[in-house]
Structure formats: structure tokens, C-alpha cells
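Asker: For reference, the structure I am asking about is given below.
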Amino acid sequence: MLPSSARDLIITGLSPLIIYAITVSAQTVIGQGPPSSATISSGVPPELPGAPTNLAISNIGPHSVILQFRAGYGGKTSVSRWLVEAEVKHEEETEGWQQVFELAGGPDARSIEVPGLAPFTHYRFRMRQTNIVGTSPASHPSRHVQTLQAPPYMAPANLSVHASGKNSLLLRWAPLPESSYNALPDTVGYRLQYRHLRAVNRRPDVAEMTWVSIALAGKVSQSNELGGLQKSGSTEVRRETRKPVGKKKSTKIEVQWVVVTDRLERELKLEGLQPWSLYELRIQAFNSISAGPWGQPVRGRTREDVPSAGPENISVVATGPHTLLVTWGAIPEGSKNGWILGYKVLTSNPAEPVPLLDSVATAAQESIVNVSGLQAATLYKLTVLAYTQVGDGVPTDPAVTCHTMEDLPGRPGAVWFPEVSSHAVRLAWKPPPQPNGQILGYRASLLANGSGSNPERTWELGSDVKQVRAAGLAPETRYTFLLAAQTSRGWGSPAEVVIITTQHRGRPAPPGRPWADAKTLGPRTLLLKWAAGAGGFAPVRYYILHRQKMSAGVWQPLASTLPPQPTEFLVNWLEPFTDYLFRLTAINDVGESEPSETSQTVTTLQDVPSKAPALLAVRPVSPTSLLLQWQPPPAGSMNGLLLGYSLRYQQLPSPQEPNPIPGPIIQLTSDPQPPPLAPTMLKTVNDSSLTEYKLQGLERYRHYEVRLSVYNSAGEGPPSDPWEVYVGEALPTAPPRGLHLLSATATQLHLSWQPPQKNNGENDILAYKVYCRKAGSAASSEEKTVRLLKNNVRLGSLLSFTSYLVSVVTVNSAGEGPRSQALQARTLQAAPSAPAYLHFTKMTSSSVNVTWGMPIQPNGLITGFRVIYQPTSPVNGISKIVTVDVPGSSRKWLLIKDLTEGEIYMVGVCARTLAYGPEISGNIAPPP
């Protein structure tokens with residue numbers, strides 16, 4: 001028994017020329033283990049062993065093979081180790097020989113299982129054997145073998161998620177290395193799963209927490225070298241609704257599979273998601289055998305949107321003639337779509353010809369507001385909406401209606417005297433424009449000139465009476481009438497009108513020329529003043545104001561019942577920075593005056609723009625800069641002279657959130673306040689003609705939110721919708737250089753290029769994308785694309801003798817750069833297709849006229865046609881085939897004259913370019 005530290009032993013007392021077998025085994029307290037043995041011939045010095053021979057390979061699997069062999073010369077001692085070396089072949093390159101396996105002991109072994117091999121890899125093997133002296137030379141190499149395919153061992157690395165829209169997330173990952181495909185490259189793809197993490201307490205096995213799968217797989221097709229062109233964006237979408245395995249209830253899960261024909265894909269825009277929602281995503285690689293392991297999940301949130309529903313439990317109570325108290329509840333959690341910044345209460349009067357919406361804004365924490373400034377005794381419709389930083393959400397539906405309380409009525413409407421004489425007058429009127437409740441009656445009072453405030457007569461009339469007659473008056477005397485209306489709240493303020501008892505009334509003279517008070521001139525309002533004209537012994541009851549917008553050239557009545565005093569009027573609802581003309585007419589009891597002189601041209605002041613520019617694109621052009629492109633707002637919304645643009649931007653918190661919380665229950669809640677944001681920065685673009693701007697000096701690897709607005713001398717207009725963008729990865733700024741496009745065959749073009757000049761900060765080139773379309777075709781749907789890693793490609797599956805436009809873009813991790821200038825080339829000629837048709841006319845017993853059409857696909861320049869005819873059976877024992885060549889492309893007919901009546905002939909025609917194409921044929925039988 002040797003101690004456990006012993007590693008060698010000298011054996012003495014052996015006899016010469018005797019073969020001894022020596023065994024060694026280890027022992028523990030449990031017992032003795034299996035022995036290892038070796039043989040030695042005493043008295044004969046051992047020698048270096050010979051190489052193994054007759055290597056054979058069997059039982060090839062994804063990770064192992066079995067090597068059968070014949071042991072080499074043992075060197076007068078036993079073999080202590082077997083060494084296996086392998087040579088790996090990758091396409092045209094071959095790695096050097098490397099040891100891949102070692103078997104200790106087993107001197108009598110004649111086969112070895114070699115484990116730890118890479119799947120779907122070309123190997124050839126050789127062996128060595130070792131004894132106490134050393135290692136033998138290598139054996140002759142085995143034949144080349146390829147291990148079987150296997151699932152990928154790893155998931156794509158660096159999965160990241162960025163918000164790209166309110167309903168979309170942009171996913172990016174590092175594609176699986178080619179060494180990890182473990183199968184044919186065209187069968188390798190990626191499967192992405194995502195699930196919506198709702199802001200409620202739910203267990204992850206319910207339907208709302210179910211993973212939805214998306215597969216991105218390469219399509220087995222021709223390689224790029226052979227011209228395998230796929231249509232741009234070709235995808236296959238399959239949706240499957242099924243019951244989850246192990247579920248007792250009939251919960252349905254929708255699974256989506258999206259197949260993209262590009263195994264080099266490294267990003268995906270996931271559409272159709274919920275706004276402002278948190279999603280958990282993971283990715284795995286798969287091939288034709290099976291799928292590999294899932295990668296670590298990541299989380300991302302879509303962008304904010306406007307709320308998709310209004311608050312619940314709207315309540316409206318009238319608290320006075322001009323006020324309403326509005327209260328509301330919360331918005332459903334799934335309809336918030338972002339951080340609620342506040343609420344707006346919208347009120348409208350349905351009785352108005354054009355109901356206008358007035359809004360009252362509140363903070364996010366408030367759920368009650370007192371709406372004031374309303375008309376009394378009026379039915380209002382009220383809705384409440386919430387808003388986020390994106391904009392106003394959907395108001396509550398249906399609207400809530402409520403009447404304001406009654407109030408004292410306004411003055412009666414138009415008041416006039418349709419009948420006037422020296423001793424009597426008849427007073428008529430219309431109901432108050434603002435009744436402020438139900439009119440219960442009217443009261444008319446007559447005051448003689450100089451009688452003070454005590455009326456001579458008073459009439460109290462019902463609500464249906466709209467006139468009163470006063471007789472027994474003095475001639476040529478000035479009288480004053482007071483007319484008031486009554487509601488349940490009491491008598492309102494009276495309207496005061498004057499009349500002269502006379503027989504000599506006439507229409508009033510025109511008012512004086514109106515003029516605008518410059519001190520009160522605004523963007524949408526102005527104070528118009530004028531001097532009263534002569535009344536024609538009948539006081540002016542009201543004025544009519546007419547307006548003309550000079551760009552339209554048409555007079556329109558603006559106000560029809562302006563009171564006679566004061567002789568001024570505040571004109572509303574004008575358009576900013578617009579030229580107007582005004583004129584007036586006066587109305588008395590007799591009629592309407594001629595129009596006044598037209599005012600001088602009045603130009604309203606500028607107002608802030610009412611609409612925002614439309615952001616078309618915001619993309620990184622370097623690791624610290626963005627290029628913004630936009631479209632100006634409509635000219636009618638400028639409200640003045642456009643001076644420039646205001647660009648506001650700020651950093652956003654990272655949209656990627658921590659990994660899932662472990663445990664059976666996931667709890668997600670929304671905070672009552674939005675998280676604090678970085679300060680908003682302002683850049684002013686003073687050139688109003690620009691439609692793009694480069695924003696520089698940003699911080700790398702940050703998310704930014706960008707808004708754009710226009711401004712004029714009056715101020716700044718509303719901002720555009722926010723655009724979120726990730727800064728840190730720069731798009732290629734230049735296209736590939738040195739493009740060469742050559743005709744290769746009748747269906748192929750050969751394209752080569754040089755990499756673009758790389759600017760500082762640009763990401764490394766990941767691939768090139770080639771765009772190919774027929775010349776003269778502008779439809780992008782006909783455009784084909786191919787993506788590849790090298791800088792040349794043979795574009796195949798093209799039409800013969802057809803011109804194509806080809807361009808190339810560079811692709812890096814940030815996206816595609818600009819396209820190169822398109823080159824044009826034409827494929828070579830090929831044999832044409834068969835003629836389009838074949839007709840037989842003017843047939844006699846011995847002749848027929850044959851006509852044909854041009855080939856549908858000429859595939860080149862048609863240089864002639866060939867007509868071949870022969871009888872279907874021998875005539876008089878002779879089978880004669882006649883061939884006639886028709887040169888050129890204009891003549892497409894031939895008169896055949898040497899036919900035999902009653903015989904059936906087969907006639908064929910083919911066209912020629914560089915070679916003859918297939919023929920079109922038909923049978924004829926000349927009549928007797």
C-alpha cells in the first residue's frame with residue numbers, strides 16, 4: 001500500500017525477458033477503485049511508438065464522432081495515452097491541426113468517441129499514441145466529415161429596446177456569430193417574444209401576461225453570389241389563436257410569427273403596441289433543427305400619447321345664473337397613455353349657430369372646477385378631457401347637459417315705430433336677445449319731453465304681446481318710451497327709444513366715414529368709430545356694419561343691430577395680419593340709408609402662429625448631433641410674417657427599465673406625478689427659409705425629446721408633436737464610392753464599389769444594401785433589395801435586354817446612410833420568347849397566308865423570323881420539311897404556295913435575336 005502522495009514506484013527483483021503486467025488502482029475507506037494496467041518486457045528498453053493506422057469514422061453526431069483505428073507499433077511497452085488531433089475547414093480557409101481529445105490508459109482501445117466538436121463543421125482527424133518514451137508521429141489524416149446540425153447554443157447578444165412611437169418599440173441586437181449557426185445559414189433566424197406588463201396586480205400565467213412570439217427567419221434561397229434578390233420588406237405574417245397548454249379555462253392567446261428574409265437582420269420595429277405601456281422582451285436564435293436558449297429579458301416603454309378616454313363619473317350642478325360646478329372621477333388606467341398633466345372642461349351652447357367650445361384648464365391633482373361667464377337660463381353641454389405632454393385626449397362621451405339658473409332679462413330686441421302720426425304712434429319690438437329665462441311679460445312706459453322720470457302712461461303686457469299703441473299725443477312733440485321684459489327673477493333693464501310725432505319722416509342720411517382707433521387695434525379685434533348722420537325726423541334705431549376682406553373682394557354684413565349710441569363698435573372675429581374695409585348703413589323706422597363712405601384700409605396686427613411645423617425626420621448624423629427636417633405650417637396659420645423657428649430639446653430618462661421582479665406576482669403601479677425631466681434647451685433658427693437644421697453638442701448614449709415651433713413678431717406658436725430619438729450612434733454620412741456596374745449575362749448584372757469615406761464618430765459598417773429597379777419604374781414596390789457584407793454582388797433573376805437602375809447604401813448599427821448615385825446598365829440579349837399569336841388566312845387548295853405577332857418578351861433586337869412547315873404524314877412516300885427565313889422585324893407574314901390539297905400540315909414560327917427562341921405552331925388542312 002502506497003501513500004496518497006506517491007506518483008511513482010521502482011520495482012526490483014524482476015526476471016529478464018519476461019513480460020509483466022502492472023496494474024495500479026486507488027483506494028478510499030469505501031474500497032478499491034478500477035485499476036489501470038500496462039505491460040513491460042523486463043530487460044528490453046522501451047522505444048518510441050509508431051503511428052496508428054487505418055483511421056475510420058462512424059456514428060457522426062452534432063458534437064461527437066467515433067474513430068476506429070489500428071494501433072501502431074507499441075515500442076515494446078503498453079500505450080498510456082491516445083491523442084486525437086483535428087483540422088477544421090471554414091469555407092476556403094483551413095485551421096491548423098489542434099489536439100481536440102486525449103484518452104488516458106486503454107492500451108487495448110481500437111475505437112474512441114471524440115466529444116466536444118462543433119456542430120455542422122467540416123473536420124478531418126489524425127491520431128498519435130503515447131508510451132513511457134514519448135509520443136508517436138501523427139497518423140495519416142482521415143477523410144473529411146461534417147458533424148450534424150444542432151440548435152444554437154447561445155442567444156443573440158446586446159438586446160436593447162428603444163421607444164420609436166406611441167405604438168411601437170425599436171429592438172436591436174447583435175446577430176448570432178456565424179460560428180454559432182450550427183446549421184445552414186439560410187435556416188438561421190431569431191424569435192422575439194414580448195408581453196405587456198399591465199399596471200395591475202396579476203399573476204404571470206394569465207392571458208395578459210402571455211408571451212407573444214415573433215419569428216425572424218432567413219428564407220432558403222439562392223446566395224447573393226448567384227443573384228438571389230428578394231423584394232424589399234418581404235415578410236410573412238401568421239397569427240394563431242390557441243388555448244394555452246395546461247389551462248382549464250378557454251383563455252385565448254394570439255401568437256404572431258413574422259418571417260423576414262434577411263438572416264443578418266439586427267433590428268425590428270415592433271408595431272401595434274399600446275401607448276405608454278411597459279413591455280418585457282426576450283430573444284432566441286433558431287435554425288432548422290430547433291431553437292436555442294432565451295436571452296435575458298429587457299423592458300421598454302412605448303411613447304406617450306393623448307389619453308384615449310375621458311374621466312369617469314362626470315357631475316354638473318348649476319350654482320348660479322352664470323356658473324356651473326363640474327366634478328369628475330379618474331381616467332381608466334389603460335386609457336391614460338402617459339403622465340396626466342391636467343384636465344380641461346369644455347362647454348358649448350348647442351343653440352348657437354356655430355357652437356363654440358370654451359375650455360377651463362385644471363391641474364392634474366384637481367377634479368373639481370367652477371365654470372363661470374356663462375349665459376343665464378341656457379342649456380350647456382359639458383365634457384371633460386385629460387391631456388398629456390403630447391396633447392389633449394378624447395373628451396367624455398356622451399356629454400353631460402345642464403341648465404344655468406334664470407337671471408334678470410336683457411333689453412328687448414329691435415324696437416321701432418311702424419306707425420307714426422301727429423297724435424298717435426304704434427311701438428313694436430322683438431324678444432330680448434338674452435332672455436335669461438322664460439319671458440313672463442313686458443312693461444312699456446311713455447315719458448313726455450321734459451316730464452322727468454315719471455311716466456305719463458304705463459302698459460303691462462303679456463309675453464305674447466309685441467306691440468302697443470299710444471294715442472292722444474301732441475303733434476311735433478318728442479316722446480321717450482321705456483320698454484322692459486320680465487322673468488321669474490324680476491324686471492330687466494329697459495330699452496329707451498325716442499319718437500317725434502310728425503307726418504314728415506324720411507330715411508336717415510348715411511353715417512359718417514368709419515375709422516379705426518389705432519390704440520385699440522389688435523390681431524383679431526378693432527374699435528370702429530363713426531359720426532351719426534341726420535335722422536330724417538325719425539331717430540336712428542340701429543346700424544348695420546359691413547366688412548370686406550380685401551383678398552376676397554366681397555362685402556359681408558358683420559353686425560345687423562348696432563345700437564344708435566354710442567357710435568362705436570368693437571369688431572371681433574377678424575383674422576390676424578389681414579387687410580379690411582368697413583362701411584355702415586343707418587336704419588330708422590322708415591328704412592335704411594345709403595352706405596357710408598368706405599373706411600381706409602385697416603390691417604390687423606400680427607398674432608402668434610396657430611399651427612406647428614410638421615417634423616418629417618429626426619435622425620443622428622454623428623454621435624453628438626441630430627439632423628432635423630420639417631415642413632412649415634400652412635401659410636394661413638402664420639398670422640404674420642414668419643421670422644424663424646424655435647427648437648426645444650431635453651434629455652429623457654432611459655426607456656429601458658430593470659429586469660422583471662422575481663416571484664409569482666408582478667406589481668406595477670404608476671406614480672401620481674411624472675418623473676423630473678432634464679432642463680429644456682432652446683435653439684433659435686433665424687432663417688425662415690430653412691427646412692432642416694443640424695443640432696449639435698448633444699450627449700452620447702442619451703434619449704432626447706425634440707419639439708419645433710415657428711415664431712413671428714407677435715411671438716411663438718404651438719410646438720410640434722414630440723419626437724424621441726437616441727443619440728450616440730451615427731448614421732453613415734456618405735454613400736459608397738467608385739461604383740462599377742457591368743452587364744454579366746442576359747439575366748445578371750455585376751456591381752462592385754468601395755467603402756465610403758468614414759467621418760469621425762461614425763459606427764463601423766455592418767453591411768451594404770443594394771437597391772435595383774427597372775429604369776423608368778418609379779414604384780418602390782417594384783424595387784428589389786439584397787443585403788450583404790462584401791463590396792460586390794452579382795444581381796440575378798433579371799429580365800433580358802432590360803435597363804436597370806442600381807444604387808447602394810451603407811448600413812451600420814444606427815441605420816442606413818444616403819444612397820449612392822444610381823447607375824444604369826442593361827442586361828445582355830437572349831433568345832426571344834415565342835411569337836404572340838399565329839393566324840392562317842386566304843387559304844386555298846395549295847396556299848395559305850401565315851401571319852404572326854411579335855414576341856411578348858423579345859429579350860433583345862429581333863433580327864428575323866423562321867417559318868417551318870411540313871406534312872404530318874408522308875406525301876407520296878416523301879416527308880419534306882421546308883424552312884423559310886424572313887429577315888428583319890417589320891414583316892410578320894409569309895405566303896406558302898406548294899401545299900397539297902387534303903393533307904394536314906404543321907406550321908411553326910420562331911423569332912431570332914442572337915439565337916432562335918421557341919416556336920409557336922398550328923395545323924392546317926388545305927381544302928379541295
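Any Cβ shown, glycine's included, is placed from N, Cα and C.
Below are the features I grabbed from TrEMBL:
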type	residues	note
DOMAIN	1-47	domain 'Fibronectin type-III'
DOMAIN	51-150	domain 'Fibronectin type-III'
DOMAIN	200-305	domain 'Fibronectin type-III'
REGION	225-246	region 'Disordered'
COMPBIAS	225-235	compositional bias 'Polar residues'
DOMAIN	310-407	domain 'Fibronectin type-III'
DOMAIN	411-505	domain 'Fibronectin type-III'
DOMAIN	510-607	domain 'Fibronectin type-III'
DOMAIN	612-730	domain 'Fibronectin type-III'
DOMAIN	735-830	domain 'Fibronectin type-III'
DOMAIN	834-928	domain 'Fibronectin type-III'
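Locate each feature and note its surroundings.
Answerer: Along the domain 'Fibronectin type-III' (1-47), the predicted structure has mean pLDDT 79.
Each residue in the domain 'Fibronectin type-III' (510-607) gets a DSSP state, and the totals come to 3 helix, 38 strand, 57 coil.
Break the domain 'Fibronectin type-III' (834-928) down by DSSP state and the numbers are 0 helix, 45 strand, 50 coil.
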Asker: Helix, strand, coil: count each for the residues of the domain 'Fibronectin type-III' (1-47), based on DSSP.
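Answerer: Per-class counts: 0 helix, 14 strand, 33 coil.
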